[in-house]
Amino acid sequence: METQAPGNYSPPKQDGRSAQDQAIENWLPINASRNAKWWYSAFHNVTAMVGAGVLGLPYAMSELGWGAGVTVLVLSWIITLYTLWQMVEMHEMVPGRRFDRYHELGQYAFGEKLGLWIVVPQQLIVEVGVNIVYMVTGGNSLKKFHDTVCEDCKKIKLTYFIMIFASVHFVLSQLPNFNSISGVSLAAAVMSLSYSTIAWGASVDKGKVENVDYDLRATTTPGKVFGFLGALGTVAFAYAGHNVVLEIQATIPSTPEKPSKKPMWRGVVVAYIVVAVCYFPVSLVGYWAFGNTVDDDILITLSKPKWLIALANMMVVIHVIGSYQIYAMPVFDMIETVLVKRLRFPPGLTLRLIARTVYVAFTMFVAITFPFFDGLLSFFGGFAFAPTTYFLPCIMWLAIYKPKRFSLSWFTNWICIVLGVLLMVLAPIGGLRNIILKANTYKFYQ
């Protein structure tokens, strides 16, 4: 007997659909292909999670200090691995059904309308926010590559580099679904491991700077407090893969004998080992070498050897190209679902070409207008990533499974919820202050 969802929500069954509805469902990006292997999930998750945010972690350490910095990094790794496990488990908890999208799971947990309103705005803020930040990151890294390789060349505006970066996405965004971008995602995952290794390896080679200082970066009390809060947001941004995890799992085949959660979990564990190998050495070695003089992007601090820093910046560009596509795919799915199912546009190449081109152009325009990189990281990190990554999976777990009060599962989930809510409330404050300070000196379209 099937479990009835709270809020009387019952996702439509495959066999209850008309042939036309089924054809539309199969055309949409998330459901189009279900033949992925477990290693697809590994590199998709690495690409989604290990963003360019890793290069800002030593800076976050300089605002947190050794004790708080290591505690926040380790706690975040443990909590987000636990909530990711919950998402993987909940994907097929109702026999014969799969929750292929984050909002479908939300609708099952909270009811059809409420679930949609709780999940979709947050998921959109995260995914569109990441795409905008990655536009800025891609443009910045291209500019750094150009300026490193050709110091005597004429300086080119950041705006143009963001436009060059966006031009790649006007093409790549036409790839129909997750499996079709697996090659891009694999290249991105390899690049993330490579530039992380360059970042900490070059720091070890350079060694401790003279008179290295591990006191907090800020000197005033308000500066220390706001810096601390902003750093929490930067760390939250670094663990942000949950927003696409169900959509990634949807690409893996599943039968009652071989449910998708087994290969998916294997991929997640491999991804999290790679995450640890990237994050912890970069954070700790970068802070150890430069103390509170480290820049918000450690590659800027590591100005030599030039060829290596240029290479690392180009690796960031390739990685961010893959990450942008991973986060854009669920947005494309939402846009195309509304256009085809609600507005009754005929599905096809023309619709996909126009819709996706408009979306890429929108993220490019916003990135060109507001390129405050580190401020954006901590603001989005706290405001949007904390709910969808740290505590929304726990709330869904409590709503659906209803663990016994004061049991280990109950306590674990509530601890995650409390820590996640604190992060959501506190982190954006530091990020917003950073944006305001940068905005005072910023000229539009510089």
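From the backbone N, Cα and C atoms, a Cβ is placed for every residue, glycine too.
What TrEMBL lists as domain 'Amino acid transporter transmembrane' is 35-430. The transmembrane segment annotation in TrEMBL covers 38-57, 64-85, 114-137, 158-175, 181-202, 268-290, 310-332, 353-373, 379-401, 413-436.
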Would you confirm whether the transmembrane segment (379-401) and the transmembrane segment (268-290) meet the contact rule of 3 or more C-beta pairs below 8 angstroms, pairs 6 or more apart in sequence?
no
Mark yes when the transmembrane segment (64-85) and the transmembrane segment (310-332) have three or more Cβ pairs under 8 Å (sequence separation 6 or more) and no when they do not.
no
Can you say which of 64-85, 181-202, 353-373 has the most Cβ pairs under 8 Å with the transmembrane segment (38-57)?
181-202
Hey, which bits of the same chain come close to the transmembrane segment (114-137), Cβ under 8 Å, at least six residues off its ends?
7, 9, 51-52, 102-103, 105-108, 162, 165-166, 240, 243-244, 316, 320, 323-324, 327-328, 330-331, 334, 363-364, 366-368, 370-371, 373, 376-377, 380, 383-385, 387-388, 392
Which sequence positions outside the transmembrane segment (64-85), separated from its termini by at least 6 residues, show Cβ-Cβ distances below 8 Å to it?
57, 214-216, 228, 231-232, 235-236, 238-239, 241-242, 245, 265, 268, 272, 275-276, 279-280, 283-284, 287, 389-391, 393-394, 412, 416, 419-420
May I ask for the residues of the chain that lie six or more residues beyond the transmembrane segment (353-373) and have a Cβ under 8 Å from a Cβ within it?
128, 131-133, 135-137, 139-140, 158-159, 162-163, 166, 169-170, 173-174, 296-297, 328, 331-332, 335-336, 339, 434-435, 438-439, 442, 444-445
